[in-house]
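Report on the following structure.
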Ligand SMILES: O=C(CO)[C@@H](O)[C@H](O)[C@H](O)[C@H](O)COP(=O)(O)O
Ligand SMILES: [Zn+2]
């Protein structure tokens, strides 16, 4: 396949999975937005974590809530657990990488907060451990996964929300995750401010 066709195929595949996923994911995304909005209204905060491209998604999410998405409004309480390299390196060095988010969830998370846990495979130990810590501290969990949800699918509890992209390829799953992040930001603005974009 020549390069132009190859690139065209990426666009086609990405568009196709988004169209397919929209039908099944709109419900859980709306539920997650309501959960997050209720948390913010109750003075809670949103914590987000992920590895690699999903770390970027966690940061993107927090940036649009603390900064803004599409309309002017006050900053909202959200933090990505991927950004403090001193915490990340100290915890990874002293306790192991699997604890880098778990430790922060235990330190910063309070009952009623929401953890947005992002993993395309659903199997990353650091994300699994973060979810366990969230459960221990009575946080709500919104899990953004793919590939059937992996280990994460097996540890979610009643009341948690699972947004599982029905795809196998990491890049395609990440593309739907980014769209989901934007849907969440838009829905939170809409619920809090009655915004009609
Ligand atoms: O962005 C990509 C691949 O597209 C990579 O950086 C990818 O995020 C990393 O390999 C992650 O460690 C994968 O972790 P996960 O999504 O399975 O939890
Ligand atoms: Zn990527």
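Any Cβ shown, glycine's included, is placed from N, Cα and C.
Features reported for this protein in TrEMBL:
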{"type": "DOMAIN", "residues": "36-197", "note": "domain 'SIS'"}
{"type": "BINDING", "residues": "51, 52, 53, 64, 93, 94, 119, 120, 121, 124, 174", "note": "substrate binding site"}
{"type": "BINDING", "residues": "60, 64, 174, 182", "note": "Zn(2+) binding site"}
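Features as recorded by TrEMBL, highlighted on the structure.
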residue	record	CB count, 10 Å
51	substrate binding site	20
53	substrate binding site	16
60	Zn(2+) binding site	17
64	Zn(2+) binding site	20
93	substrate binding site	9
119	substrate binding site	29
121	substrate binding site	19
174	substrate binding site	22
182	Zn(2+) binding site	14
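Cα-Cα distance from residue 121 (substrate binding site) to residue 182 (Zn(2+) binding site): 21 Å (rounded to the nearest whole number). Rounded to a whole number, the distance between the Cα atoms of residue 182 (Zn(2+) binding site) and residue 53 (substrate binding site) is 15 Å. Calculated from their C-alpha atoms, the gap between residue 60 (Zn(2+) binding site) and residue 174 (substrate binding site) amounts to 13 Å. Mean pLDDT across the domain 'SIS' (36-197) comes to 97 in this model. Less than 6 Å separates the Cβ from ligand 1 in the case of none of the binding-site residues 60, 64, 93, 182. A distance of 19 Å separates the Cα atom of residue 51 (substrate binding site) from that of residue 64 (Zn(2+) binding site). Listed in sequence order, the binding-site residues among 51, 53, 93, 121, 174 whose CB lies under 6 angstroms from an atom of ligand 2 come out as 53, 174. A straight line from the CA of residue 182 (Zn(2+) binding site) to the CA of residue 174 (substrate binding site) spans 13 Å. Rounded to a whole value, the Cα-Cα separation of residue 174 (substrate binding site) and residue 64 (Zn(2+) binding site) is 18 Å.
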